[in-house]
Amino acid sequence: MEGFTALYIFMLAAFTGYEVISRVPVILHTPLMSGSNFVHGVVLVGAMVVLGHADPDSPLQLAIGFVAVFLGAANAAGGYVVTERMLAMFKPGANKAGKAKEGAQ
Amino acid sequence: MTAKWFIDASYFAVAVVFILGLKAMSSPVTARRGIVWAGLAMIAATLVTFATPGMQNFGLMIVAIASGGALAWWSGKVVKMTDMPQMVAIYNGMGGGAAAAIAALEFARGEVHGTVVTTLAVLGALIGSVAFSGSCVAFAKLQGIMKSAWRLPAQNAVNILLALAVVGLGGVIVAAGEVKGELIVAFFVLALVLGVILTSPIGGADMPVVISLLNAFTGLAVGFEGYVLGNPALIVAGIVVGASGTLLTQLMAKAMNRPISNVLFTPISGAAAGGGEAIEGSMREFSALDAASVMRYASKVIIVPGYGMAVAGAQHKVWEMAQLLEEGGVEVVFAIHPVAGRMPGHMNVLLAEAGVPYDKIFDLEEINAEFPQADVALVIGANDVVNPVARTDKSSPIYGMPILNVDMAHNVIVVKRGKGAGYSGIENALFYKDNCRMLYGSAQQAIAEVITHVKALES
């Protein structure tokens, strides 16, 4: 990849990341951190590619590649389960603002 | 259409879905959808990668995916909600470790050529290694495996020297062009040690900021290794997480009034907490019956839950009490400090688990103006985040930290296990105020008693 093309991708991705979560309510900070933790689990793809190109006759390369894929898969799977469990619990109330201002003294 | 074209197109679609998923995750209405989309995209990306031309070692690859995935899936399913932060930490560390291992394998294969590629590979390896070992320490601390924060003598000097040594070694690797095995091994060992040394002195209260920071680190590491591998999906996903993680870290640090540099280099210690004025007056005790009647005949009650409530597992009881009061016509809402629990939003998750609807939960800015109108502020297992010295006492280590102004409510009831100081060891001036009453006992049992008395008042 061309150096400057990559630099543009880096820059635009950084702005996107900043923009996407800039208006997130506090209640979602933990799930969102967990969700972004899941998204970088895509490192699994990179790990698979390097293990796929490792020399089958080199135990060292195979071992490092195995560790990379193992850790990447754990990042993705664990990140997904934990995030999904947290988000599944967010439910709106039945009576929205029904008696919100009743008791003002 | 070649296989390569198909794979590239798929990666592009995956990157788009990841960004849309993250966007959806930033609103409570669409959040669930967001993670499901991202999950499907991840499966697609994994499947497509098997078709990459020229790959081998498929057997080993499948075993690694199955074992790593199954282990994490299982541990994520069984973990309790209160232990969520350390699970996020450990999964994040694994991602960082994967990024570092990718770099290690590329070096072992001798596939890293050119100054830019080598520089990014080294940077990604360094950041990934620090995220890996740092997250392991964070996990060990929150899990209670590693008890106290230990500091080396001249900790900061050691940090800086070690960081310089790692960066220097990285520079040598970049400059050398061709790579020697010993040098690479030394580099990784030093980087891993750096992660441990950096996180070890940090106390539990600052851990959320550290986990968030390490999460951003892993994102960057993944992005850099994505460049080394020429894979734009990794670059985009990694850098997006790096940027959003950095923003999230700043938001958290701001909420705690602890600049990130302070978190890393000058942890709150017992000595620092010793400052501050001596507090005069005494604490006044309240019985469960008193608490029940004050709340039952109030028109507005604001509940301020803290990590103590979650540890006691009292959130279900608290919600039961809130519903009981609401049936009696009392308006009950929950006020959450940004750092209640162990991470921002952690308390919201714990309340949601107990069935509290999210429109009854308000954060600091939304609720603070309402305390003067509240008849009762009920503080359960929270301490430093309601300490008024943060507003008044310049010598206090928590001076300037935004707090919930519970002391402005007509009555304050504090449910607390005993008379000790909070997590940070700072005395709480709130407890000595005239409008404050202490209800001693574990949150679970104290609230159960209050429920009994409220029910008795109804009949």
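A Cβ is built for glycine as well, from the same backbone N, Cα and C atoms used for every other residue.
Positions annotated as domain 'NADP transhydrogenase beta-like' by TrEMBL: B:8-452. According to TrEMBL, the transmembrane segment annotation covers B:6-22, B:34-52, B:58-76, B:88-108, B:120-140, B:160-177, B:183-202, B:234-253.
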Mean predicted confidence [pLDDT] for the domain 'NADP transhydrogenase beta-like' (B:8-452): 86
The transmembrane segment (B:88-108) vs the transmembrane segment (B:183-202): 3 or more CB pairs under 8 Å: yes
Leading contact stretch, B:6-22, B:34-52, B:120-140, B:160-177, B:234-253 vs the transmembrane segment (B:183-202) - CB distance under 8 Å: B:120-140
Other parts of the chain folded back onto the transmembrane segment (B:160-177), taken as Cβ under 8 Å at six or more residues beyond its ends: 115, 118-119, 122-123, 125-126, 183-184, 186-187, 190-191, 193-194, 197
Beyond the flanks of the transmembrane segment (B:234-253) by at least 6 residues, Cβ under 8 Å: 15, 18-19, 22, 208-209, 212-213, 215-227, 259-260, 263, 338-339, 343-344
